[in-house]
Amino acid sequence: MGKKPVMLMILDGFGISKIDNGNAVKAAYKPNLDKYFKKYPHTELGASGLSVGLPEGQMGNSEVGHLNIGAGRIVYQALTRITKSINEGQFFKNEVLNSAVDNAVKNNSDLHLLGLVSPGGVHSHTNHLKGLLQLAKQKGASRVYIHAFTDGRDVPPSSAYMYIDDMEKYIQKIGIGKIATVSGRYYAMDRDKRWERVELAYNALVYGRGNKAASASEAVTNSYDNGKTDEFIVPTVIEEDNKPVTTIKNGDSVIFFNFRPDRARQLTRALNDNIFKGFKREKLDLKFVTMTEYDATLENVYVAFNNEVYKNTLGEYVSKMEKSQLRIAETEKYAHVTFFFNGGVEAPNRNEDRELIPSPKVATYDLKPEMSAREVTSTVLDRLDQDKYDMIILNFANPDMVGHTGIFQAAKKAIEVVDECLGRIVSKILEKNGTVFITADHGNSEQMVDYSTGNPMTAHTTNSVPFLYVSKNSTELRKDGILADISPTILQVMGLEKPKEMTGKSLIK
């Protein structure tokens with residue numbers, strides 16, 4: 001007798017909203033999902049704020065969502081931990097942060113603060129940058145420079161001017177710091193090995209090459225004049241007397257204050273790896289600190305806030321129970337179904353196979369809303385035919401990645417393609433008397449319009465997400481669940497007792 005696979009299908013960025021305006025989820029033609037919502041038990045889950053270990057009212061995101069789902073418990077996020085340490089004062093005693101500042105003071109070298117200057121709270125927070133400036137001032141550092149990456153995805157697309165202005169006012173007030181470069185996150189924070197983008201950011205940081213401006217505010221307005229919003233600001237060097245304010249040089253200290261790893265890794269590698277093949281560059285000798293651990297294999301890097309260890313995540317526990325599992329996603333979300341789902345552990349568990357499907361090489365995903373969903377689907381259907389896996393974790397990236405473009409019609413098409421794909425997968429699993437749980441990690445494409453301004457919205461939302469139980473067995477689901485309740489539910493269906501570390505509760509009544 002063949003296996004009865006249990007699949008968790010994560011529709012990334014697929015939230016629930018009753019409002020029709022800008023709701024690509026509601027507008028999409030999705031006969032399969034509509035049928036499942038009528039036929040099968042379903043509920044809604046909290047996927048933002050306190051429900052996922054973030055500050056109240058803070059939108060969820062993919063890293064946080066997958067961490068909470070995989071851990072089966074509320075995972076208190078780096079944003080919360082770092083903010084708390086600033087408020088309570090431990091931040092200013094952090095040995096690793098202090099060592100970077102001390103290195104600059106002792107050697108009379110520069111202290112460079114790199115990161116996303118945004119209160120979005122997904123990759124970084126401006127309050128953490130302000131905390132670093134306070135620390136530098138306390139320690140007597142005088143040569144402190146900010147390399148500002150502009151957002152436009154987790155906040156409105158043209159809001160950088162406001163955040164840069166706020167930072168320039170703070171610099172004036174505290175009497176320390178200068179903005180040296182401005183780069184859109186499209187360049188500085190690529191995560192898909194598009195090294196030609198990262199190279200432009202690197203050239204601005206290290207060689208002072210790129211667009212030129214007399215101030216950070218001017219860099220932003222120049223970009224707007226050229227029709228480029230915050231995410232796409234071409235790396236720009238701020239000049240004084242026709243010379244760069246500064247560049248990153250041998251002997252300097254660098255603190256990369258992004259706390260989310262996935263979009264900080266590539267630039268960190270370019271600045272630190274002994275052997276680097278992304279593009280031609282000279283290896284610098286730096287005191288380089290990252291706010292959190294971006295990747296255990298990074299060379300020449302010190303970590304200020306180490307990751308917490310989560311014992312008995314879903315993947316680890318299922319492996320201990322001698323069950324086999326498959327993780328599958330396209331490049332954009334591969335780290336989420338592997339590294340983040342496993343509690344920040346890179347190595348696969350025993351009997352955990354992985355399928356990485358390359359994401360399409362397009363400038364922005366509105367140009368190809370289907371992304372690689374059909375390739376993911378055909379691969380997982382082939383794997384199901386092998387009758388090998390007890391559990392499959394699958395992520396469809398489209399609703400999130402296309403939702404981030406702010407282009408409604410593209411997001412609608414993205415959801416329609418995902419609906420077509422998931423219909424094929426669900427049919428196959430039901431044929432095998434298996435179970436499919438359909439959920440999301442956070443909202444996005446259900447709100448493509450900023451209700452207050454009418455402008456396109458590119459950020460995540462605080463909306464709840466669906467949880468569908470698609471199976472030939474009938475059951476009832478409870479209300480008021482959170483993402484941490486998904487793993488205990490999966491274990492119950494697999495006939496496994498949940499480990500004591502999982503504090504989430506099964507959603508089955």
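Cβ atoms are placed via backbone N, Cα and C, with glycine included.
Residues or ranges marked as active site, phosphoserine intermediate by Swiss-Prot on the basis of sequence analysis: Ser62. Under the three-state DSSP scheme, Ser62 (active site, phosphoserine intermediate) falls in the helix class.
Cβ neighbour count for Ser62 (active site, phosphoserine intermediate) (all protein chains, 10 Å cutoff from its Cβ): 28. Annotated Mn(2+) 2 binding site per Swiss-Prot: Asp12, Ser62, Asp441, His442, in sequence order.
Taken from Swiss-Prot, the feature substrate binding site applies to His123, Arg153, Asp154, Arg185, Arg191, Arg260, Pro261, Asp262, Arg263, Lys333, supported by sequence analysis. Cβ neighbour count for Asp154 (substrate binding site): 21 (other Cβ atoms within 10 Å of its Cβ, all protein chains included). Reduced to three states, the DSSP call for Asp154 (substrate binding site) is coil.
Asp400 (Mn(2+) 1 binding site): 31 other CB atoms within 10 A of its CB, across all protein chains. Per Swiss-Prot, the feature Mn(2+) 1 binding site maps to Asp400, His404, His460.
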Legend entry - Env. residues of Mn(2+) 2 site, Cβ within 8 Å of mean position of Asp12, Ser62, Asp441, His442 Cβ: Ile10, Gly13, Ala47, Gly60, Asn61, Gly65, His66, Lys333, His336, Asp400, Ala440, Asn444, His460
Legend entry - Asp12 (Mn(2+) 2 binding site), number of other Cβ atoms within 10 Å: 26
Legend entry - His442 (Mn(2+) 2 binding site), number of other Cβ atoms within 10 Å: 28
Inset, instruction - Determine, using Cα-Cα distances only, which of these recorded positions is closest to His460 (Mn(2+) 1 binding site): Ser62, Pro261, Arg263, Asp441, His442. - result: His442
Inset, instruction - May I have the list of same-chain residues other than Asp400, His404, His460 whose Cβ is within 8 Å of the Cβ centroid of the recorded Mn(2+) 1 site, in sequence order? - result: Asp12, Gly13, Asn61, Ser62, Arg153, Pro399, Met401, Gly403, His442, Asn444, Ser445, Thr458, Ala459
